[in-house]
Amino acid sequence: MSTGRDPGLQAERTRLAWRRTLLTITVVTVLAVRLASTGDPTGALIAGVTVLVWGALLALCWPRATGTGPARTGGRTLPLVTVGTVVLASLGVLLALRGLW
Amino acid sequence: MWKTIRRWFDPAELRSVGEPPDYRFSLANERTFLAWLRTGLALVGGGLAAAQFLPPLPMSHLREVIAVALLLLGAAVAIRAVDHWARTERAIRLGQELPASRFPAILALAVGVGALLLVVAVLMRAVGDR
């Protein structure tokens, strides 16, 4: 590239998009933990797993969200974040149907 | 299908096709993926909110049906997001046209029809209460 790289904007915007995504994941986690906390053991178990998934997603997204670590796009991070989202949705289904068991 | 799924988790395979693209296009593709993922997460959050904040509804288990439908839709949006990201990345690397998709239209229709059904449910309840 003769023009050289545009150093800031594109990477910065992508970083901010990762931050927004992490924030959304956190809100979803809070909603799930709130739904799970009714005091029964099943709820506590699901709440614990949800917090673990949140921690894993936080660790996974952190380098992308802060620009630390190798500045790369793509890779395994994207499918893994998708898996985390699907796991959160599945735990949500368990929580939503808990009263019907 | 399994081959496609395996491909998502193998970055080396994606990098083996075509030419390395202008990194700005990869970043834009990643942002689009993230925007779709947030859409999926918002649906998951909506399902969790429906499960705990909706009052008891006139039809039995309607609340659970709404919550589970939103949660499954959210998961589907997330999976579709990563699939579309991989296909777009591949097309960029090969210099092909970007993949077309009916998914946004289908999602919009599903959300629209769901909202209409809820309007009907609310109106029926209002009429029933009178």
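Placement of Cβ uses the backbone N, Cα and C atoms for every residue, glycine included.
The domain 'DUF202' feature in TrEMBL is assigned to A:6-61. Residues annotated as transmembrane segment in TrEMBL: A:21-37, A:43-65, A:77-97.
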Self-check item: Intrachain residues whose Cβ lies under 8 Å of the transmembrane segment (A:77-97), provided they are six or more past its termini
Solution: 21, 25, 28-29, 32, 35-36, 43, 46, 49-50, 53, 56-57, 60-61, 64
Self-check item: Same-chain residues at least 6 beyond the ends of the transmembrane segment (A:43-65) whose Cβ lies under 8 Å from its Cβ atoms
Solution: 14-15, 18-19, 21-22, 25-26, 29, 32-33, 36-37, 77, 80-81, 84, 87-88, 91, 94-95, 98
Practice problem: Summarise the model's confidence over the domain 'DUF202' (A:6-61) as a mean pLDDT value. | Solution: 93
